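**Q** Okay, here's the structure, questions in a sec.
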Amino acid sequence: MFPMVTGFMNYGQQTVRAARYIGQSFMITLSHANRLPVTIQYPYEKLITSERFRGRIHFEFDKCIACEVCVRVCPIDLPVVDWKLETDIRKKRLLNYSIDFGICIFCGNCVEYCPTNCLSMTEEYELSTYDRHELNYNQIALGRLPMSVIGDYTIRTILNSTPIKKTAGNPLDSKTITNF
């Protein structure tokens, strides 16, 4: 054939292929147009954390036996445990317990290996501050109960604001809340 005709046929095929690709990408764009937004307005709306979320550590002073297992299993030897040996009853008495959340990696080993379950992970994740020394929590600050995101009336949680279809096979968890 003539080189001009074959060049024109290749040009026509390339034009049709390009139009098909543009049409496919436009259809994908249109299919995403009717979705709900994934982003939230953070200070006023908060996502509900999952059940196994590892937030701030909660400490119960009365349950602690000062065994220092939490210090031994911590990869960075973070919890500071001060205790005194009571010779008359031959037991340790806990004097001070503190964790610096500026250094903590929230691995959860201390919670997992605690024999008396005096440590637990909370859903509290807003630990930001202007002074890093305020992140060093003692037993009083660690014993404070966390503020519940669901119970705060000033914050609209995503659970209440979006329509959620609960299926019979899937239990309701944070993945069904955030995946629209």
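Here the Cβ of each residue, glycine as well, is placed from N, Cα and C on the backbone.
Remember, it's a predicted structure, so these values are computed and weren't measured experimentally.
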**Q** Out of Cys107, Cys114, which one does Swiss-Prot list together with Cys64, Cys67, Cys70 for [4Fe-4S] cluster 1?
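**A** My reading of Swiss-Prot gives Cys114 as the candidate in that site.
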**Q** Cβ within 8 angstroms of the Cβ centroid of Cys64, Cys67, Cys70, Cys114: which residues besides those meet this for the [4Fe-4S] cluster 1 site?
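**A** Going along the sequence, the neighbours appear as Ile65, Ala66, Glu68, Val69, Val81, Cys110, Pro115, Thr116, Cys118, Leu119.
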**Q** Are there any residues in the same chain, six or more apart in sequence, whose C-beta is under 8 angstroms from the C-beta of Cys107 ([4Fe-4S] cluster 2 binding site), and if so which?
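**A** In sequence order, Arg54, Cys74, Pro75 meet the Cβ cut-off.
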**Q** Could you tell me which three-state DSSP class Cys64 ([4Fe-4S] cluster 1 binding site) falls into?
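**A** Assignment for Cys64 ([4Fe-4S] cluster 1 binding site) reads coil.
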**Q** In whole Å, note down how far the CA of Cys70 ([4Fe-4S] cluster 1 binding site) lies from the CA of Cys104 ([4Fe-4S] cluster 2 binding site).
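**A** Here the two Cα atoms lie 12 Å apart.
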